[in-house]
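Single-structure report; data block below.
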Amino acid sequence: MNQTLLSSFGTPFERVENALAALREGRGVMVLDDEDRENEGDMIFPAETMTVEQMALTIRHGSGIVCLCITEDRRKQLDLPMMVENNTSAYGTGFTVTIEAAEGVTTGVSAADRITTVRAAIADGAKPSDLNRPGHVFPLRAQAGGVLTRGGHTEATIDLMTLAGFKPAGVLCELTNDDGTMARAPECIEFANKHNMALVTIEDLVAYRQAHERKAS
């Protein structure tokens, strides 16, 4: 990732710390991956605190595929089958079947309905019957080990939520341009600045976690 482009957001470690602070303050974070991977920016929010307004922003400026990143334990708790048995997608993204809250929603499409679905899925005592399938929220199962195992937005979301002190569950959506093309780093940076979001790269998060785990050992 071009560090000159990112310099206004601080050093790699500062970017991670600023992202954690933003999440704790109820703000969103823009997460970029490498140019040689998806080369995309995802808006992420804590599943516990994301507001209807933030969901509306995400739907308006994102791909429309609003994803809920969860752990394997949560997937099992909710009895969510993986979307396919044989995942042949380029990066092995861990989609499960889609979901809708069983109660408290209308069509499930609105920002408010999607927030209701997210909250139902992450509730402490959530059970399979709390969700209908299919729906308009796309759960993503993160790999154990986070970004140190798989350098994806799903794992980055779970790692950031955990480091920020939230449940390991977060909402993500890819940022798109007004013409429908995918937003790249310059557009993601502009969007983050405009909407008071922190910005961090998956590479930053990998280095941060490796450094902290070396200290711990």
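Note: Cβ is positioned from N, Cα and C throughout, glycine not excepted.
Taken verbatim from Swiss-Prot:
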- Arg37, Glu38, Asp42, Arg150, Gly151, Gly152, His153, Thr154: D-ribulose 5-phosphate binding site (BINDING)
- Glu38, His153: Mg(2+) 2 binding site (BINDING)
- Glu38: Mg(2+) 1 binding site (BINDING)
- His136: site 'Essential for catalytic activity' (SITE)
- Glu174: site 'Essential for catalytic activity' (SITE)
For the recorded positions His136, Arg150, His153, the one whose C-beta sees the most other C-beta atoms within 10 angstroms: His153
Sparsest Cβ surroundings (other CB atoms within 10 Å) among the binding-site residues Gly151, Gly152: Gly151
C-beta crowding around Asp42 (D-ribulose 5-phosphate binding site), within 10 angstroms: 30
Chain-internal residues near Thr154 (D-ribulose 5-phosphate binding site), provided their CB is under 8 angstroms and they sit 6+ positions away: Cys67, Cys69, Thr93, Gly94, Leu140, Arg141, Ala142, Gln143, Leu172
Three-state secondary structure, Arg150 (D-ribulose 5-phosphate binding site) (per DSSP): coil
Cβ packing number for Glu174 (site 'Essential for catalytic activity'), 10 Å threshold: 21
